[in-house]
Amino acid sequence: MAGAFAFKGCQKIRGAQIRVLLEAKDFFLFDCDGVIWHGENAITGAAKVVNALIRRGKNVVFVTNNSTRPRENYVNKFTRLGFTDVMLDQIFSSSYCSALYLRDVVKVRGQVFVIGCEGLRRELLEAGIPCVEEDDDPDATIYNCALAPDVKAVLVGHDDKLTFLKLAKASCYLRDPECLFLATDNDPWHPLSGGRILPGSGSLTAALEVASGRKATVIGKPSRFMFECISSQFSGVDPAQCLMVGDRLETDMLFGSNCGLDTMLTLTGVSQIEEAQEYRSSDLTTNHSYVPDYVVDTIADFLPAFEEIEEQND
Ligand SMILES: [Mg+2]
């Protein structure tokens, strides 16, 4: 096997090298934004690649730190964008994995205070986890608002309706050392078009970490937990047979490396190959975990490899 992967090591691969890799791996983990789509636009050729992998009997799952929508919405989005074979059980979002963590790992007893969008609350409620109702009147302040008595966890995700009151309440709940402190993900920011950015969950979590003097447990990439969720739901997942494909070195590549998976950077998103090369030449060995094993311009680079495989099988 090692001989077949002589091309491994933070370099662009193409043609026959991609074919060898696609044939060798059984399990493909894709990040979504920047890899599969940009917002509402699919990356050209991505649907063909995903559909072809699934039709060839490969396992394909999607691992996304986006906690804003429930998994059903992902299935609808995949279908809308031409990914015809994607099912609910292939989607591992940080909101879904947070719900599994609360229900199955820590078995939370009591309510969860959520900073996040409706999709995050929906995933928790579907898993049977009660969330504190957001029913403050518009004049409520931290001086006069009600605090729920049985909050056993604070969960922070992306929240585009974040208020000072929510941060203040979360800070109060976190004074109880028994109250868990979780973050769906630690993404610092997200790109928008026109050079603008959105602050990510990581920036909201950082505010609460300072206020509470505590460190949040991160559920999404690069934490290993998402891979544990996948392994618990698909039998016989062997890290050596997996390929993690993503566009961000600090989340996707580190996640793959934390889980013992081969990693591939696609250059359709946040990170550039030069940043990967800088990490590779860094004296700090911890920086080497951000370095992808393989690099492609886009996952559409897989398409010629499928054609070659087909020709060989004819
Ligand atoms: Mg991404």
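We count from 1, first residue shown onward.
Keep in mind that glycine also has a Cβ here, set from the backbone N, Cα and C atoms.
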Given that TrEMBL annotates Asp31, Asp33 as binding Mg(2+), state which candidate in Asp187, Asp238, Asp247, Asp262 belongs to that site as well.
Asp247
Spatially, and counting Cα to Cα, which of the recorded positions is closest to His190 (substrate binding site)? Options: Asp31, Asp33, Asp247.
Asp33
Would you mind sorting out which recorded positions among Asp31, Asp33, His190, Asp247 put a C-beta under 6 angstroms from ligand 1?
Asp31, Asp33, Asp247
Can you give me the residues near the recorded Mg(2+) site, meaning same chain, not Asp31, Asp33, Asp247 themselves, Cβ no more than 8 Å from the center of the site's Cβ atoms?
Cys32, Gly34, Val35, Ile36, Thr64, Gly246, Arg248, Asp252, Thr266, Gly269, Val270
Going by a 10 angstroms cut-off between Cβ atoms, which of the recorded positions Asp33, Asp247 has the sparsest surroundings?
Asp33
